[in-house]
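Data block below; observations after.
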Amino acid sequence: MTNTVTMNNNNTNNNATDENRKKRKVKRVSIELGDLTQHNLKQLKVLNRDVFPVAYNEKFYKDLLGAGELCKLAYCNDIVVGAVCCRIDLSENRRRLYIMTLGVLAKYRELGLGTLMLEHVFKICEREGNIDSIYLHVQINNETALAFYKKFGFQVISTATEYYRRLEPCDAYLLERALKKSAANEQTAAATAVQQSAKKVPAVPLSTITDVD
Ligand code: ACO
């Protein structure tokens, strides 16, 4: 699905006349999400290098190719300008979605691309119905990201001290948003659990999910 938003150009001249102000361009841009493939993986690497202060290794990217809906590129007028990469975390006897990276190139921020990607994540959780919460880490001085996630109901749960080895500040906040399981999915999950324990087969993971260390 494509969304259309307006984007002001940045050539603001304080001495501009009213006439000039009227003429200032307001571009209409389309924003949409697309799949990650072997062919655009390099674009994701370049984007992440630009957006995040930490580097991700080859294994991270290799695993993303199998992540399906959990990894999406964000396009603005057909140009890759953002990306979201998540994984399902089954630790602590819970089923949680972990947002590993979510970012937009500086020039394309505050156009709704972050919202588009986060809403995609919410849709995945709603569809699956059996995910307890969404969580992520944010560097403690990243006020923009904190404001962004708080707007969508995320709360600071704790501080992970020395979370980043090579960054200053090195601490991160752990943010989480609890989710309600849908009644239908709770019943299905319970029924599946009963069937599986009867058949003695392990629970089947979601087909689209790849765990990343
Ligand atoms: N100051 C305050 N609030 C802001 C700002 C800002 N600069 N930018 C966004 N917000 C909040 C606002 O509430 C905004 O709603 P509004 O437009 O109704 O006011 C809301 O976020 C949604 O804004 P979007 O336009 O959808 O967000 P955007 O596309 O700019 O993306 C993001 C936000 C992803 C945080 C972007 O600033 C970014 O890429 N930052 C650098 C990378 C980063 O820090 N990512 C998060 C790290 S944590 C992680 O990846 C798990």
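Quick reminder: no glycine exception, Cβ is built from N, Cα and C everywhere.
Among the features that TrEMBL reports, compositional bias 'Low complexity' is placed at 1-17.
Taken from TrEMBL, the feature domain 'N-acetyltransferase' applies to 31-180. Summarised as a single figure, the pLDDT of the domain 'N-acetyltransferase' (31-180) averages 97.
The region 'Disordered' feature in TrEMBL is assigned to 1-24.
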Quiz item: What is the three-state DSSP composition of the domain 'N-acetyltransferase' (31-180), stated as helix, strand and coil residue counts?
Solution: 52 helix, 51 strand, 47 coil
